[in-house]
Amino acid sequence: MKTCVCSHFFGLVLLLASVILTTTVAAEITAYTDYYLEDHCSSSRSADRYRARTEAQSISFRLKSPLQEKLDERGCRAGLSFSTLNETYGFLVTPVSIDIPRGPTNSCVNFIWFDGLAEDELNGKRLCGDTFPKTSAIPTKGDRFTIWCSRDVAHITASSSMQTFQSNTFVTSPSEAECPESWRRCDNGACIEPRLWCDRIDNCGDGSDEDEANCAPSTVLSIPGIVIIAVIVVLVIIAIGAIVYVCRRRRAYRAT
């Protein structure tokens, strides 16, 4: 009976350790900061300007669905312009998903477009439909870029009101010497923050952040996560040692 109690206690310790470990690993994944484009409609047709920190962070641009009733007959032209605190840094813009129905003549009546990307053929291009021209990360020319949204209420129908769009963006460094501590370097030289590694999105632009070899569990843990796991392992070893010691003492006591 005593042996059974020790065995159950040992199992409880392992279960508790696994729960703590799972929680620790999950805590390493953090969400993007979301910006909803309709919140930035401007009658002056100017972009709201933001300064992105030159430290690990991620930005997500989205459309609200369905279309908000507050948009009047003028529709909405929204723009958000981001720049880094340090001009030696830039951005990587990763298209994720788009579903903005085309107009009657297959034209883009409601659309998204970018300004400041390193690929000129994408700058100012009206983006609508259900696919992007490119689905991997696109670097910016310099330390700033702007994303625009145009929504014409006169062309909004019941079928087109459920418009969705998402593009993730994050600060990056083109120079290895300027790569912030703890960030990771892609095979093409781009530098991205660890939490964007192995998120099923080609954030590097060359697919190296989603490579199976680079997505091994041991490579996605941060230094704090490793320290916490090490402490848990030590505590589990101590607990196991204490259990073994107590069980042996009980057996020795019963034998006398």
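Including glycine, each Cβ sits where the backbone N, Cα and C put it.
Bear in mind that the values here come from a model prediction, so they are computed numbers and not experimental data.
Partner cysteine of CYS204, as given in TrEMBL, is CYS186 (from among CYS179, CYS186, CYS191, CYS215, disulfide bond). For CYS191 (disulfide bond), other Cβ atoms within 10 Å of its Cβ number 21. Within the group of disulfide-bonded residues (CYS186, CYS204), the Cβ with the highest number of other Cβ atoms inside 10 Å belongs to CYS204.
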